[in-house]
Amino acid sequence: MIGSEDVVEDVDLLVVGGGKAGKTLAMDTARSGRGVVMVERGMIGGTCINVACIPTKALVTSARLARRVATAESLGLNLGKLEVDLRLLRSHKEGVVSEMVDLNHRQFLDSGMDLVLGEARFVAERTVEIRLNDGGRRVVRGGDVVINTGTVPHLPAVPGLAEAGALNSETIQQLDRIPERLVVLGGGYVGLEFAQMFAAFGSRVTVLDRNLTLLPQEDPDITEVLAEYLREDGVEMLRGVSVKEVVRETGGVRVHLEDGRSLVADDILAATGRDPVTAGLGLDAAGVRTDERGFIRVDERLATDAPHTWAVGDVAGSPQFTHVSLDDYRVVKENIAGGSRSTTGRLVPWNLFTDPELARVGLTEAQARATGRNVRVAKLPVKAIPRSRTLRDTRGVWKAVVDRDTDEILGVALLGPESSEVLTVVQTAMWAGLPFTALRDGLIAHPTMAEGLNALFTAWTD
């Protein structure tokens with residue numbers, strides 16, 4: 001409630017949560033001379049910079065280098081025995097994070113926004129009470145309000161899991177030791193990246209996945225190749241299993257499965273998705289509704305049920321990628337100005353930073369065939385690309401799905417080295433509406449991985 005003694009500060013834009021979309025909109029709006037307050041409860045720069053994309057990819061880089069050192073003789077180098085120094089690993093990760101947090105902080109201040117560190121709770125439409133981190137409170141009302149509070153790691157309701165001190169994608173980065181044995185609960189993107197990473201650092205890793213197929217939303221002829229590479233790197237995969245109970249024992253944890261088996265490990269990582277940060281926001285007072293999981297309900301313009309109130313990023317149920325959050329910023333910026341930009345039909349790419357990488361955009365073969373289109377499929381082993389030979393990394397396969405009648409590129413899946421970079425070439429062609437022949441016949445520098453696109457679109461399976 002707003003008390004009679006409260007002074008309500010009015011601003012043009014109020015942003016609750018400083019994730020990618022929110023902070024970009026706040027800076028952009030402030031630079032135009034309008035009044036902006038952005039409330040952030042602690043992580044300057046958002047989840048991606050502090051505990052997700054950036055620090056984990058810094059560690060992925062270290063893990064990849066560890067694997068390269070182990071195979072350096074194939075490149076003519078004898079580097080001796082590999083030793084993993086966790087202190088140096090953390091210093092590397094934290095250095096990268098610190099640099100980006102400092103950069104973000106300077107950008108926030110330079111933009112002219114009012115960055116408020118504290119906890120916001122709605123007390124009326126477009127109005128929040130902020131409990132400041134350093135004491136005191138403020139009440140702020142925005143002409144427009146954007147909610148960008150993000151998500152946090154989900155802890156599944158497995159008996160004993162919390163009591164056993166289960167790690168999540170954030171806390172595992174703070175370990176002061178490399179676990180000799182690590183169990184990963186969940187075979188999704190986050191679970192697989194951490195599993196392979198810790199295997200490279202010397203852990204014996206077991207992934208427990210309730211699905212019978214790895215990454216079931218992807219085509220199995222791609223994911224089964226990836227699964228084999230994970231096994232070769234020492235990651236044991238148990239599929240189609242459910243955890244019955246987790247018990248903390250002296251020196252570790254025991255994981256009991258529903259099928260009667262049990263595993264012993266030093267630590268268990270829960271990598272089973274993320275939950276929205278909406279509890280405690282007072283959304284009822286704001287007139288904002290959520291779905292059954294707590295995500296804020298929005299339309300294709302990212303508008304909530306309340307007037308001049310928007311939600312962006314993970315908390316709005318958008319695909320949980322920072323690049324999608326950035327595009328949410330573009331959508332909301334235009335719509336606040338009176339436009340009609342929509343999230344419908346966005347071509348969303350994603351990258352799995354295993355080694356080798358898996359990158360995909362558009363439709364899988366199964367999805368394309370389900371549309372009833374006349375589909376044509378091309379597949380190319382990565383070893384056919386000359387650059388992979390010079391990298392001494394010929395693992396992987398590329399796959400493209402094309403409309404046979406129109407030559408439209410419907411989707412690609414690229415498993416192999418540097419796939420996340422090559423993907424953008426294909427995505428750009430898809431944005432431009434170019435036929436596959438543009439990539440088949442395009443003049444691409446040699447020797448590069450992207451050059452493989454010339455060959456991919458000649459490697460038809462039928």
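Note: Cβ is positioned from N, Cα and C throughout, glycine not excepted.
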Legend entry - Additional site residue, Gly273, Gly280, Gly282 [criterion: listed by TrEMBL with Gly186, Gly187, Gly188, Tyr189, Val190, Gly191, Leu192, Glu193 for NAD(+)]: Gly273
Legend entry - CB within-chain contacts under 8 A for Gly186 (NAD(+) binding site), separation at least 6: Val207, Leu208, Asp209, Ala270, Ala271, Thr272, Gly273
Inset, instruction - Summarise the domain 'Pyridine nucleotide-disulphide oxidoreductase dimerisation' (348-453) by DSSP state, stating how many residues are helix, strand and coil. - result: 35 helix, 33 strand, 38 coil
Inset, instruction - List, in sequence order, the residues of the same chain other than Gly186, Gly187, Gly188, Tyr189, Val190, Gly191, Leu192, Glu193, Gly273 whose Cβ lies within 8 Å of the centroid of the Cβ atoms of the recorded NAD(+) site. - result: Val184, Phe194, Ala271, Thr272
Inset, instruction - List nothing but the one residue from Gly188, Gly273 whose Cβ has the fewest other Cβ atoms within 10 Å; the candidates are the binding-site residues. - result: Gly273
Legend entry - Those residues of the chain, 6+ apart, with a Cβ under 8 Å from that of His446 (active site, proton acceptor): Pro386
Legend entry - Average model confidence [pLDDT] within the domain 'Pyridine nucleotide-disulphide oxidoreductase dimerisation' (348-453): 99
